[in-house]
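This report concerns only the one structure given below.
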Amino acid sequence: MLNKFIVIVTMLAMWNYAQDCNFELSKNETVQFTSFLPLILNCASISKFDTDLCETINDERPYNWYFQNKKIGNETKGKIKLVSSSQQMIIFNGSASDEGNYMCETINNNKEFISKTFDARMIEPSMTQMELLLNSFPNDHQEEINGRIYWLPEMILNHIRDVVIINQGAESDLHSFYYVSGSDSQISTFDVQWYFHYQPKSEDKTIIDHNIKTFYSSCNDLDLLPRKVNGSCYSSRLYLYNVEIKDQGFYSVEATLRMKNGSSHGLNFTYELKINIANILDPDKTNSILSTPQISFNLNSRVCINDRFDWICKVTPVVSYYVTIYKNNSNPNNITVLAESEVLQMNIDGNSGQGFYLKSSTVNYSVNSVQREHAGVYACRIINFKDYSSDHQNRHEPEVLMRLTVKDCVGNSYFTIIWYSISVGIIILVVISFLIIRLYNKYSNGYIVKTVIVQHPNKLYVPHDTCFPLLMPDITIKTIHKHINSSEDSLLQQKHFTNNSNIPFSQKISKYFRKSFIFSYRHVDVSSSNLDSPLGVISNTETNKLTSNSLTVETQRPQLILQNDANTKYILPSNIGWIFSRDSLIIGSKIGEGAFGIVYSALVKSFSENSASVEVAIKTLHTSFGDQDVINLIQELEMMKIIGRHRHIISLYGACIDNGHPYMVIELAKHGNLRDFLRAQRSQSKVGEIQNSGGLVTRLTVTDFLRFSIEIAEGMEYLSSRKIIHRDLAARNVLVDQYVEMKIADFGLTRIVENYYRKTTDGRLPIKWMAPECLLDRVYTVKSDVWSYGIVLWEIFTMGQTPYPTIQSDGMHQALRNGIRNEKPALASDEMYRLMLTIWNDDPLERHTFSEIIDKLTHIQLSNGGSSPKRDYLEISSNQCYSTTIV
């Protein structure tokens, strides 16, 4: 008998051992991940057994992973990484294709198969994660720039939420993770500094010099890095103990890397910390309740059956109150809240049924379809967490009551339908009336007539400084009539262009329009040959005609009018010969759009049977253009006329007006702007490839970058020799033609200067391309363009990156005063970077001229095995003084 008892006890012990010590996996999970970040799946055991009672077993179990019921094999190497004896799977650079069902499979101690499933769902990154991704660790080693700081994946994964929330009195830490590119022999120092400030981006900040630890670790020991690296990994942790309300605010961490070659790079991030002052789990650490809290609750209300009703209870001030809304089910006429009352809403951190965790001072309860059983008395009650106990329902607490009455409104539905129909009818009538008024104003009385006045200091101005000084015209717009109809418009035309036919035409224009529009009186047959001739050249015969006192107005001369979609007409003086008629243009597809307007590709049809059509670009305004847009257009046209022609400056061919809309016809650059061109080569292949007009594939090299730089410098040298400053030189404003030659464009901000130009008006400016004197004093010189050219050099050798990526535009001036400059591009030699730093000298007089820059770039090019560039662009000699007649 005793033996049987021992056997039974032994069997029970073994069964308990098997139950208590058997290996189990945790429950199935739903895992959320963010695009571009690792997806981490953990198949480890739940570790429920006691190691003092159970035999310790080395976990050498096999783990197999499946995706969508298909086993994951070696074909995913590089994309997927298995760590911790294959118990954990990391999928790098997560994307939508990684969504789905995953399963890990292993065996327990009884050699039975067990498994765990994961439902992986991709979510949008938080605003903080999107900010961090801009400087995240590059998955491709070729995108890694030496001497830069990047955020490690751990940094981004830890910021699913934009705000850090810590319970009052708790302990926590703020943690930042860095990857520093470059070997230890190249790095001089790496420093991390923490600050506290009450407002974001505030200059009033306090240095934190305690409870901080910065660690160095081997990058190749980190599981979340998808590749082997040569740099260093750091983490910095700020410890927070017993946090209080005064600790709430913004914590910024700034990392600075200084290289032995003199370059530096910085990376910063700001944490927003909020303190939960109502902590139900530890009521002793909450603030004391104010003696007279204010409760705002619904007033007595009547609602129809099936309508929606919202109960809203708000408590001020926001302190540690437990807020509830009650319904009294025992007696609707008794406004006292009883113990058996039904609690409609209590939340703790989003989990219903336990209480209210005070993240907000407001509690809401809604019923989408009210029924009769919802009628009754409701109460909003607050309880201080500090005094919270199980018998709180039996104590008198601050509360506000309201009565809800529910009624059947079906009998009133007829009047509701009538009222609804009348309201809709009134709205439709108002809309129709508004449209009729708009159409009436547009086609009857809606025109506002303005005249464009273009005044030149001299009657003749020429595109060469050896003939006459180059001066831009003064362009103004004057309203001459408001809300005239079609018949009045015809009378206006007759008044301006047919009366007093014996008066010389030049005097008429002076009388009615002062000086006028940009285009000269000449006729040009459009063909491929004359597109290469300078704009503004007219014959002596035509000049004599225009200056003759006997010139009269032709009775059939058409009036030139611009008209926008706001019913405003801009009257321009009529011209005998526009360079292009609308019929000579075949407009193609849209190739670009910006704040100025829209750019289309087009063909110019030849007037000659033997000449081919010419591909051009057409720049036009948006249909909603206004006075300033017209002025900017005329200024750019005037400036391009004065500039003339140069191999590395985009050419103006002419313009025309089509149904009141202006078209500026310019040279077509098939490869678009330089910035996008470089970025496209960077993203399409590891080594950029371009295709020239001959059909040959060419790889972009440093020699090409030097050629681009020299060509842009030659164009800027030409502008500076003519005392012209561009003011908006950037890679986005340099175009690339079919032969991959550089063409400077966008002269909307360009000005002519003797020594300097001072900007007196506000407007959008290219802050990160501007010199310090432009930012501080609004003074522009040729040396300001030299500074901008240095930024263009940096853009070229970084293949289109944005300058100063870690500095906001409003902080640029202070950064430049502190001596901060763009770091050395990975593709630039030391000699090239020294040239950039010289160009970015604070003193404009110490910066190189464009001629000196060309010489230095040519020397660098020859040192790299290139050939000296041929400067065979069109030169205008001093005896070629082309006059342009302005009426």
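We number each residue from 1, going along the chain as drawn.
Glycine too: its Cβ is placed from the backbone N, Cα and C atoms.
Just so it is clear, the model here is predicted, and its values are computed rather than measured.
The active site, proton acceptor feature in Swiss-Prot is assigned to Asp728. The secondary structure of Asp728 (active site, proton acceptor), as reduced to three states from DSSP, is coil rather than helix or strand. With a 10 A radius on its CB, Asp728 (active site, proton acceptor) counts 19 other CB atoms from all the protein chains.
Of all Cβ atoms in the protein chains displayed, 16 besides its own lie within 10 Å of the Cβ of Ile591 (ATP binding site). The ATP binding site feature in Swiss-Prot is assigned to Ile591, Gly592, Glu593, Gly594, Ala595, Phe596, Gly597, Ile598, Val599, Lys619.
Residues annotated as domain 'Ig-like C2-type 2' in Swiss-Prot: 180-260. The average pLDDT computed for the domain 'Ig-like C2-type 2' (180-260) is 85.
Feature annotation from Swiss-Prot assigns N-linked glycosylation site to Asn28 (among others). Non-local contacts of Asn28 (N-linked glycosylation site) by the CB criterion (under 8 A, 6+ apart in sequence, same chain) comprise Lys116, Thr117, Phe118, Asp119. In the three-state DSSP reading, Asn28 (N-linked glycosylation site) counts as coil.
Residues or ranges marked as N-linked glycosylation site by Swiss-Prot: Asn74 (among others).
Over all protein chains present, the Cβ of Asn93 (N-linked glycosylation site) has 14 other Cβ atoms lying within 10 Å. For Asn93 (among others), the entry in Swiss-Prot reads N-linked glycosylation site.
All chains included, 13 other C-beta atoms sit within 10 angstroms of the C-beta of Asn230 (N-linked glycosylation site). Sequence annotations record features per position, and here Swiss-Prot assigns N-linked glycosylation site to Asn230 (among others) based on sequence analysis.
Asn261 (N-linked glycosylation site) is surrounded by 14 other CB atoms, counting those within 10 A of its CB over all protein chains shown. Here Swiss-Prot flags Asn261 (among others) as N-linked glycosylation site, drawing on sequence analysis.
There are 16 other Cβ atoms within 10 Å of the Cβ belonging to Asn268 (N-linked glycosylation site). Sequence annotations record features per position, and here Swiss-Prot assigns N-linked glycosylation site to Asn268 (among others) based on sequence analysis.
Taken from Swiss-Prot, the feature N-linked glycosylation site covers Asn328 (among others).
According to Swiss-Prot, the feature N-linked glycosylation site maps to Asn334 (among others), an assignment based on sequence analysis.
Positions annotated as N-linked glycosylation site by Swiss-Prot: Asn364 (among others). Counting every protein chain shown, the Cβ of Asn364 (N-linked glycosylation site) has 12 other Cβ atoms within 10 Å.
What Swiss-Prot records for Tyr757 is phosphotyrosine.
What Swiss-Prot lists as signal peptide is 1-18.
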Take the Cβ of Val599 (ATP binding site) and count every other Cβ within 10 Å, whichever protein chain it belongs to. 19
Alpha-carbon distance [Asn261 (N-linked glycosylation site); Val599 (ATP binding site)] in Å: 44
